[in-house]
């Protein structure tokens, strides 16, 4: 009987180890062909986009100039502009597990506290100086890490951690960031709490934030139009 229990235990451990690669996978799935240019008009989506026929994909899918110039940093109250280059904007990165953003900041502009649930982020400041802040999980006591990053310097944001960038300089600033996902996703914390559709019930936020209903309603009014 003892031998039987030991054998059963060994089988369980082997099966568990076989699943380990699945459990620890933290990036997009590996590609199974040289390229798979996304067909953004296809109605077929299986955790990604269907491929265009190879004959319909010219070499232009390898190149993009969309982040060569930035947008209007004064177009929103944040004082920043994000030029996205994910699979929706650059179909050539479909299945390749990469994407990029360019972010331009007015003096005092911010990329508000947010999370990328599906990707690690690495970035370089091209001009100006940015305060980069990262907030750890409850495991670290919600520790706050920060540093002023200047032109030519780099930073990394672990996957899923809340973070922000803030232009502490007197001139405009620009950074370029890359992700290990074709679609890293983004969750803006203020917009998520106060601009969700439909809205989060006010009593929930009153209890969670420990403020009165008037404060919650005021904050909701600030995000009715999104960012």
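FYI, residue positions are counted from 1 along the chain as it appears here.
Glycine too: its Cβ is placed from the backbone N, Cα and C atoms.
According to Swiss-Prot, the signal peptide annotation covers 1-29.
Residues annotated as disulfide bond in Swiss-Prot, with similarity to another entry given as evidence: 36-51. In this view, residue 51 (disulfide bond) is surrounded by 19 other Cβ atoms within 10 Å of its Cβ, with every protein chain counted.
Look at Swiss-Prot and you will find 65-217 tagged as domain 'Cupin type-1', backed by sequence analysis.
Among the features that Swiss-Prot reports, N-linked glycosylation site is placed at 78 (among others), with the record citing sequence analysis. Every protein chain shown contributes to the tally, and the Cβ of residue 78 (N-linked glycosylation site) ends up with 19 other Cβ atoms within 10 Å.
Positions annotated as N-linked glycosylation site by Swiss-Prot, on the basis of sequence analysis: 81 (among others). Residue environment of residue 81 (N-linked glycosylation site) contains 20 other Cβ atoms, counted within 10 Å of its Cβ in all protein chains. Mapped onto three states, the DSSP output places residue 81 (N-linked glycosylation site) in strand.
Residues annotated as Mn(2+) binding site in Swiss-Prot, with similarity to another entry given as evidence: 114, 116, 121, 163. DSSP gives residue 121 (Mn(2+) binding site) a strand state.
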Note: in the chain of residue 121 (Mn(2+) binding site), residues six or more apart in sequence with C-beta under 8 angstroms of its C-beta are 156, 157, 163, 177, 178, 179, 184
CA pair residue 36 (disulfide bond) / residue 114 (Mn(2+) binding site), Å rounded to integer, equals 30
